[in-house]
Amino acid sequence: MPPSEVPNFPTIAGFYSQLAGVLAGFAFAGLIALIAAQLTRDSVASRTLYGYLPLIAAFAGLIATSLNYAIIAGEAPATNRLTILEIVAGVGFAMAFLMLLHAILLLLGGLRKDSPRQGQVLARTVNVLRIYLLYGVCPIVGLLIYGAIKDFITIKYGTGTTLRGLDYAVFVLIAVYVGWTIVIRRAFAPREIALGRSATVLSVCAIAIALLTLAASTVVLSFTSRLTAYPDVWPLLSFGVYIAFAMTFAYSIGRMNTHSAAAEISVDAQDLPLVDLPEPVEASPDSSVHDDDLQDRAL
């Protein structure tokens with residue numbers, strides 16, 4: 001294809017690297033603010049602390065993604081290898097970005113529990129944000145990754161190509177995600193899930209995938225050439241990883257209970273504090289004699 005029709009992918013990657021760095025700064029600032037709030041004597045935070053790990057995951061993932069895009073910015077434009085690197089880095093960026101939004105959702109939901117005075121307002125805010133994430137952010141991020149896949153198809157097969165099997169496979173995966181969110185909202189009643197365990201699983205997966213994308217980019221740059229013809233299964237596998245994470249993410253936030261009264265008193269067993277019960281006091285032999293003396297004096 002003519003060079004004038006090829007987007008400047010390295011420049012775009014440089015902008016994405018800057019964006020990931022800025023978002024990493026936001027995640028770090030939020031983490032420091034959350035830590036500093038616990039140093040005050042009047043802090044009553046309990047459920048709010050669930051936002052710690054997602055913020056750490058978002059920060060680590062965004063740092064890895066920023067480095068990944070910085071590496072891609074040095075690649076030559078309009079090559080097969082560049083489009084593969086673009087897809088891989090996009091998946092890592094999507095994971096870190098979703099974890100940053102997930103941390104915000106957990107902080108608001110935890111604040112609703114720890115500060116019940118604003119319970120109704122926060123519950124409404126959490127519910128709107130949850131719907132926005134389920135039906136807005138996740139599908140749009142998927143379409144952005146599909147845009148990178150479309151660049152891969154254009155560079156590999158040329159301009160003017162019709163929809164190929166890879167396009168239809170991506171559409172099917174997006175439809176599977178949309179159907180999954182509808183099932184969550186319709187078939188499953190919201191309940192108080194183990195937020196700590198759910199946040200841990202998502203955070204560990206997000207960090208692992210972000211680091212794996214960075215490692216994958218390093219391997220591609222080290223062991224393949226710019227003109228290598230990559231099979232279509234590579235971008236499809238990358239998109240499948242994103243859809244799997246998005247479905248897990250949707251299940252976690254889709255079943256959070258924001259209105260049930262029973263949820264206010266539902267606490268996971270693992271979150272209950274350990275309390276030392278006082279030892280029973282044994283009655284001394286002289287206690288009965290002392291009681292008899294008191295009765296005699298009263299008479």
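One is the number of the first residue shown, and numbering goes on along the chain from there.
Placement of Cβ uses the backbone N, Cα and C atoms for every residue, glycine included.
Database features (TrEMBL):
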type: COMPBIAS; residues: 288-299; note: compositional bias 'Basic and acidic residues'
type: REGION; residues: 278-299; note: region 'Disordered'
type: TRANSMEM; residues: 15-37; note: transmembrane segment
type: TRANSMEM; residues: 49-72; note: transmembrane segment
type: TRANSMEM; residues: 84-108; note: transmembrane segment
type: TRANSMEM; residues: 129-149; note: transmembrane segment
type: TRANSMEM; residues: 169-188; note: transmembrane segment
type: TRANSMEM; residues: 200-221; note: transmembrane segment
type: TRANSMEM; residues: 233-253; note: transmembrane segment
Legend entry - Among the ranges 49-72, 129-149, 169-188, 200-221, 233-253, the one whose Cβ pairs under 8 Å to the transmembrane segment (84-108) are most numerous: 49-72
Inset, instruction - Spell out yes or no: are there three or more C-beta pairs under 8 angstroms between the transmembrane segment (49-72) and the transmembrane segment (200-221), with each pair 6 or more apart in sequence? - result: yes
Inset, instruction - Could you pull out which residues elsewhere in the chain have a CB under 8 Å from any CB of the transmembrane segment (200-221), counting only those six or more residues past its ends? - result: 53-54, 56-58, 60-61, 64-65, 67-68, 71-72, 75, 81, 84-85, 88-89, 91-92, 95-96, 98-99, 102, 241, 245, 248-249, 252
